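Chemist: Below are the features listed in TrEMBL for this protein:
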- Ala44, Glu108, Leu116, Val152, Trp437, Gly444, Val445, Ile446: FAD binding site (BINDING)
- Gln223, Gly224, Asn225, Val226, Arg267, Arg268, Glu279, Gly444: NADP(+) binding site (BINDING)
Amino acid sequence: WRWRPWSSWTRTRLPPSRSIQNFGQHFSTQEQTPQICVVGSGPAGFYTAQHLLKIVYTIDLQPKQFKPCPEAGQPGKVREPGACKTLGPTSCCPLPQHHSRAHVDIYEKQLVPFGLVRFGVAPDHPEVKNVINTFTQTARSDRCAFYGNVEVGRDVTVQELRDAYHAVVLSYGAEDHQALDIPGEELPGVFSARAFVGWYNGLPENRELAPDLSCDTAVILGQGNVALDVARILLTPPDHLEKTDITEAALGALRQSRVKTVWIVGRRGPLQVAFTIKELREMIQLPGTRPMLDPADFLGLRDRIKEAARPRKRLMELLLRTATEKPGVEEAARRASASRAWGLRFFRSPQQVLPSPDGRRVAGIRLAVTRLEGIGEATRAVPTGDVEDLPCGLVLSSIGYKSRPIDPSVPFDPKLGVVPNMEGRVVDVPGLYCSGWVKRGPTGVITTTMTDSFLTGQILLQDLKAGHLPSGPRPGSAFIKALLDSRGVWPVSFSDWEKLDAEEVSRGQASGKPREKLLDPQEMLRLLGH
């Protein structure tokens, strides 16, 4: 841990607009306040902050002498919080409270908060976005502050955050996608599913993606929930989306779309699909579409799923019924009248994106036929030597997200795409923690991230309580804001976001949408008077 005493802070050059005297006065009120910084305002960041603010123990960071505890069995022995019956300001046992003096600052590179809840959750899943209400309550706490438009690693370093806070938690998620690493991947008409999702969800960096949807067939590589989200958006009748928060540009493009068939391709078989039953059921029931499943892919599967865990068994049973059973009269009529279709292609691995005759865009994809080797978790797909070409005009790669290294001072495992850690403690960097996808990899759903983030928060609290974090005061956001000011960076507060939120809601009202998302960061800054 790199500890810099207060005397060295006053020697740091501050911009003329901030006086050292005022800076010192602000700091003096924080002497007994644990200052904690969270990097990233998605589910991992907000759930970590929520846990720290709700359950953190009130711990005086100044050294003190504890009185011997008569309940501890021997003089001076410290017991678990709550075990001592003589709790008090000089007791051997810190008093657990739900409202402590700890302060949490959340830094976010986007101008707006909520990460993948805003930019990743499908527009036709508004119920999943209700978690924003909980995050808003956290952000409005007088012990929490949000600073958007601050890119850690560029505008401020992780080391500067570590110098300013007692603890720093990295919760910045997975901002990149796994590359296909096959010939033709760079052709126009090939996109990552992450970028496509960002486009229809209003992620500023993807607002000019402009995918060409004039083709008849699209191929999605990968069989997880994101793949099914993308397929569903491509095939959903646009009038079913017009009352969602999908961007107007995306809705306009989907209205003009000629995509009629979507193939969702996986390297392995039905037993290894990564999507969940809710998303599959939505696809099966999607208005105006019919499923295309080959019964041969499911031979012998019924016996193999008897011992499967209940969620996997229910998923496989739904797939089996859809693929092998004759639909009822009403369902058969619905499928017969469907103008669009989707299908699952198993045991196929992408080998090459095929160009059009003029070489100017994608015209198909060459798939290697695979078979499975191994059992259980070790099952892997190996090529048989056979290939097949699948004509298409759009290829979307949905084989996984991955995190990026944020700062040279932070260890990073490029193979796993995570920050190396033990229970959320970053390896060999005391006082630095991580939560969410950058901690465990891009797996699970929002509730998985909630549990994971709570665990990191609890580990941090344990370290705080045990005295493993630096004692004495830290300046927190006062120092960081001064640095940002000197570097020409204008942080966006949560109250600023609420102004942008009100503007989005107002713009959406005219067309009956919950909001019309702002896409241009410069327009957002102008609306905030900057």
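Cβ atoms here come from the backbone N, Cα and C positions, even for glycine.
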Chemist: Report the largest Cα to Cα distance, in Å and rounded to a whole number, among the residues Ala44, Glu108, Leu116, Val152, Trp437, Gly444, Val445, Ile446 that the record lists as binding FAD.
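Modeler: Output for FAD binders Ala44, Glu108, Leu116, Val152, Trp437, Gly444, Val445, Ile446: max Cα distance 25 Å.
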Chemist: Which whole number of Å gives the largest C-alpha distance between any two of Gln223, Gly224, Asn225, Val226, Arg267, Arg268, Glu279, Gly444, the residues noted as binding NADP(+)?
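Modeler: Largest pairwise Cα separation, rounded: 20 Å.
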Chemist: Please name which of the binding-site residues listed here, Ala44, Trp437, Gly444, Ile446, is nearest in space to Gln223 (NADP(+) binding site), Cα against Cα.
Modeler: Gly444
Chemist: Within a 10 Å radius around the Cβ, which one of these binding-site residues has the most neighbouring Cβ atoms: Ala44, Leu116, Val226, Val445, Ile446?
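Modeler: Of the binding-site residues Ala44, Leu116, Val226, Val445, Ile446, the highest Cβ count within 10 Å belongs to Ala44.
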Chemist: Which of Arg267, Arg268 (the binding-site residues) has the most other Cβ atoms within 10 Å?
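Modeler: Its Cβ has the most other Cβ atoms within 10 Å: Arg267.
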Chemist: Would you count the other C-beta atoms found within 10 angstroms of the C-beta of Glu108 (FAD binding site) for me?
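Modeler: Glu108 (FAD binding site): 27 neighbouring Cβ atoms within 10 Å.
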Chemist: Quick one: pull the CA-CA distance for Trp437 (FAD binding site) versus Asn225 (NADP(+) binding site), whole Å only.
Modeler: 16
Chemist: Sequence gap of 6 or more, C-beta under 8 Å: which same-chain residues meet both conditions with respect to Glu279 (NADP(+) binding site)?
Modeler: Asn225, Leu228, Asp229, Arg232
Chemist: Would you mind listing, in sequence order, the residues at least six apart from Gly444 (FAD binding site) in the same chain with a Cβ closer than 8 Å to its Cβ?
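Modeler: The list for Gly444 (FAD binding site) reads Asp452, given in order along the sequence.
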Chemist: Where Gly224 (NADP(+) binding site) and Ala44 (FAD binding site) are concerned, what is their Cα separation in Å, rounded?
Modeler: 21
Chemist: Could you give the Cα-Cα distance between Val445 (FAD binding site) and Val226 (NADP(+) binding site), in whole Å?
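Modeler: Between the alpha carbons of Val445 (FAD binding site) and Val226 (NADP(+) binding site) there are 11 Å.
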Chemist: Could you work out which of the binding-site residues (Asn225, Trp437) has its C-beta surrounded by the smallest number of other C-beta atoms within 10 A?
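Modeler: Output over binding-site residues Asn225, Trp437: least Cβ neighbours within 10 Å is Asn225.
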Chemist: For Gly224 (NADP(+) binding site), just count the other CB atoms lying within 10 A of its CB, please.
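Modeler: Cβ-Cβ neighbours of Gly224 (NADP(+) binding site) within 10 Å number 22.
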